[in-house]
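J.: One structure, pasted below without further comment.
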Amino acid sequence: MPTLFDSTVAGVGRIGPNRELKKALEKFWADPSTGRELSATAQRLTRELSENLGKNGLSSIAHAGRSYYDAVHDVTALLGLFPQRVRVFADHTIDDGLPGHIDRYFAAARGAQGIPALAMTKWFDTNYHYLVPELSSVSQPELDAEWFVADIADAVAVEPRIRPVLVGPITYLALARTTDGSCPFELLDAVVDCYAELITRLAATGVGWIQLDEPILATDIDADPERAGAIGGKAEKTYRRLAAALHDSHPDTGLVVQTYFGDGNAAVELLQDTGIDALGVDLVTYRTDERCSAGEKTSPEQLLPAWKGGIGIVAGVVDGRNIWRTDLSDALEVIEALKSRGEVAVSTSASLLHVPYTLAGDSSFDTDPELKSWLAFGAEKAGEVAVLARLAAGESSAELEAAVQESTAARASRTNSGRTHSATVRSRVAAVTDSDRTRQPWQVRRSAQKTSVPLPPLATTTIGSFPQTSQIRQARAAHRNGKIDDRAYREAMEKEIADCIARQEELGLDVLVHGEAERNDMVQYFSEQLHGYHATANGWVQSYGSRCVRPPILYGDIVRPEAMTVDWFAFAQSLTDKPVKGMLTGPVTMLAWSFVRDDQPLGDTADQVALVLRDEIADLVAAGAKIIQVDEPAIRELLPLVKDRKGDYLAWSVGSFRLATGGAAPETQIHTHMCYSEFNELIDAIDDLDADVTSIEAARNGMQVLAAVKDHGYSRGIGPGVWDIHSPRVPDRGEVDELVDAALESVPAEALWINPDCGLKTRGWEETTASLEVLVAAAQAARDRLQ
Ligand code: GLN
Ligand code: ZN
């Protein structure tokens, strides 16, 4: 029996503390002769990470191998399950240290000439995206593991504590899609054969432990019987086989199954008798009544009721996906309570992939040591784990005592700070009533808006952003670096806005936008202007592939010192007689794409954001706005993974949108936008938002979402996207005509809007102009047909 390590982190990022992998990847994609540099960078990053974790004193060190894009995609590579269409790429035989399949790997990840990429989607309820495996009943998994095993063998020779981490077979198949409608689990036996061989080979490199990640086991695994079937039963059988395969050949190597993002108790119940050695559980996410809440915590004694003590528990007590410093005394209580029942290791609740590498050297904190003292990024979290493990082992020293005291003091300073608790903000939130969240009935609004914004049926508009040209990005960068002053910057942006308005008039769109040239990002732009929010200098987190985001930190009560968008709007509106939409980011999206305070319920924080948006709407209306769009692309992303939490979530998220928009008079037309098409589950909630017009993604699946809209009896304006902006292709007229006709079957002409799927900031002007010409012409032709 392997003995359990006492401290670790659940997983690590791949992008590098200064986005080194991003830079090497983009260089390689532009110039394939730089493969040596790419493989060396990946190797150096994993080695440095292991060294740093090792220095902290962790007794087991998560190691993802040299991963070049995404961990799910790494498994696709290991199992030789790339889609058929990338097999045109032969093995990469250049001796540059990259795996033989690397050209297929990148072609499947990013697409290539004539070859569409794999679908990409959000990893559970995070903002990280994985590549969706594309399988069919004739897929034949075949292990291609030399590259990975060799990597681990090299790493373990330098650092014997490393523990290879891979996405496990159940989660892999549960997240896969098939092209022939078959169930991905038909491949389970063959896939498990590959895993059995793989873990045996990994054990032969001398590693003490191997980790398979199964986050799917912490969601409602049996909630969708059709797709998931009895995932539980499959998981149990699978891990019996894998544990036996490993232990027959390597009885001293441990197998740990890691869950996260939900309650691990079901996984414990399922897997504790299968022969695995330990199970990793998230003891942060749902220890309170919602993710990220200061509510009553489950008492340490009541955690993991199913655990009988026969296997070890890797206890995720340090939050792996948020950036707050851990309350060490509270975490220690959990560890101690569990320790009285069996073997326990201290860990993070999730992979450190989701948080920036380190606070050290982030210049944004130079002038704000107070905020810095409240936080822990990846490296600091590893330090917290190490401290907890030593405390749990009974060690006592002045250093450890000081660490606990500092953590308590940081918490107290946060609780008592005027920056986190403003009496004015709090009394305003406390005074909110239902009527603040309620506009006049739709009938009243509809007739008021007929006069305030007279529009033809099938009105045309866009979602907000127009191409972010390099000229725009350069002007923003020059302003940020002080190379141009405020006035020169304003002039540069006004020139862009004027150009954008002129082009829209030329195109003949009915409702115009200013184009969002001044916005680096739809959340960051607002966060930089609000008190209670902090933007880091180097807090990068991988979003997908080489794309990284720098989520701002929402740490305190939200105050809007002045209007945030009114000048740009007013300038744009002054240039045209057509209505220009005011553009805002909704409260839920502001939260979803930030690191959010964990000392109060998310709903309270969302209401604070809603109130500043409400004030912004009032200011926009005063400046002449007739139409205001409040984007909520992330409403679905934050939806809890377990059924019994969904109702609460929908109540506060919808409530915050209604609070933001509830002050708008009947003649102000409120739009919202969401960019996904799996609408069905949320249709009631979307109806409850009570927006006058909702634009949604629809082009890619041929308007299927409208069936749900029709069944629901949705009566207000709706704009199903008729141009899939995620592709650079200009749609043909015939295609758009068909989509418009399909839409007209479910939506009356008066309620139907014609618009693209999403914002256009990633597109170029050429395809944008050509596509919008098609869209406007299709709308006009449909109006003519209707008469
Ligand atoms: N208004 C935003 C834009 O057009 C909306 C972006 C989004 O939906 N993600 O860019
Ligand atoms: Zn969108």
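Along the chain as shown, the residues are counted starting at 1.
In case you wondered, yes, glycine gets a Cβ from its N, Cα and C as well.
No curator has checked TrEMBL annotations; they are predicted automatically.
It should be emphasised that the depicted structure is a prediction, and the values quoted were computed from it without experimental measurement.
I grabbed these lines from TrEMBL:
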type	residues	note
ACT_SITE	HIS726	active site, proton donor
BINDING	LYS22, ASN127, ARG547, CYS548, TRP593	5-methyltetrahydropteroyltri-L-glutamate binding site
BINDING	ILE463, GLY464, SER465, ASP631	L-homocysteine binding site
BINDING	ILE463, GLY464, SER465, GLU516, ASP631	L-methionine binding site
BINDING	HIS673, CYS675, ASP688, GLU697, CYS758	Zn(2+) binding site
DOMAIN	7-340	domain 'Cobalamin-independent methionine synthase MetE N-terminal'
DOMAIN	458-780	domain 'Cobalamin-independent methionine synthase MetE C-terminal/archaeal'
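Map these features onto the structure and tell me what's around them.
T.: If you draw a 10 Å sphere around the CB of HIS726 (active site, proton donor), it holds 15 other CB atoms from the protein chains shown. Under the DSSP three-state reduction, HIS726 (active site, proton donor) is assigned to coil, being neither helix nor strand.
When secondary structure is read from DSSP and collapsed to three states, LYS22 (5-methyltetrahydropteroyltri-L-glutamate binding site) falls in the helix class. LYS22 (5-methyltetrahydropteroyltri-L-glutamate binding site) has a Cβ environment of 19 other Cβ atoms inside 10 Å.
The local packing around GLY464 (L-homocysteine binding site), expressed as other Cβ atoms within 10 Å of its Cβ over all shown chains, amounts to 24.
Summarising the environment of SER465 (L-homocysteine binding site), the number of other Cβ atoms within 10 Å of its Cβ, over all protein chains shown, is 22.
Within 10 Å of the C-beta of HIS673 (Zn(2+) binding site) there are 26 other C-beta atoms, taking all protein chains into account. The DSSP secondary structure for HIS673 (Zn(2+) binding site) is strand.
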J.: Could you list, ordered by sequence, which of these binding-site residues: GLY464, SER465, GLU516, CYS548, ASP631, have a Cβ under 6 Å from ligand 2?
T.: none
J.: List only the single closest residue to LYS22 (5-methyltetrahydropteroyltri-L-glutamate binding site), chosen from the recorded positions ASP688, GLU697, HIS726 by CA-CA distance.
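T.: Among ASP688, GLU697, HIS726, HIS726.
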J.: Consider only the binding-site residues LYS22, ASN127, ILE463, CYS548, CYS675, CYS758: which of them have a Cβ under 6 Å from an atom of ligand 1? Write none if no residue does.
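T.: Correct list: ILE463, CYS675, CYS758.
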J.: Between the Cα atoms of ILE463 (L-homocysteine binding site) and CYS548 (5-methyltetrahydropteroyltri-L-glutamate binding site), find the distance and write it as a whole number of Å.
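T.: Cα-Cα distance, ILE463 (L-homocysteine binding site) to CYS548 (5-methyltetrahydropteroyltri-L-glutamate binding site): 23 Å.
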J.: Among all the protein chains here, how many other CB atoms are within 10 A of the CB of ASP631 (L-homocysteine binding site)?
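T.: ASP631 (L-homocysteine binding site) is surrounded by 25 other Cβ atoms within 10 Å.
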J.: Count, for each of the binding-site residues GLU516, ASP688, GLU697, the other C-beta atoms lying within 10 angstroms of its own C-beta, and report the residue with the smallest count.
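T.: Looking at the binding-site residues GLU516, ASP688, GLU697, the Cβ with the fewest others within 10 Å is that of ASP688.
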J.: I want to verify one value. Collapsing DSSP to three states, which class is TRP593 (5-methyltetrahydropteroyltri-L-glutamate binding site)?
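T.: For TRP593 (5-methyltetrahydropteroyltri-L-glutamate binding site) - judged by DSSP and reduced to three states - the answer is coil.
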J.: Would you give the longest CA-CA distance, in whole angstrom, between residues of ILE463, GLY464, SER465, ASP631, the set recorded as binding L-homocysteine?
T.: 12
J.: Measure from the CA atom of GLU516 (L-methionine binding site) to the CA atom of SER465 (L-homocysteine binding site) and give the result in Å, rounded to a whole number.
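T.: So the alpha carbons of SER465 (L-homocysteine binding site) and GLU516 (L-methionine binding site) sit roughly 5 Å from each other.
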J.: Would you find the one among the binding-site residues ASN127, ILE463, TRP593 whose Cβ has the most company, meaning other Cβ atoms within 10 Å?
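T.: Counting Cβ neighbours within 10 Å, the top one is ILE463.
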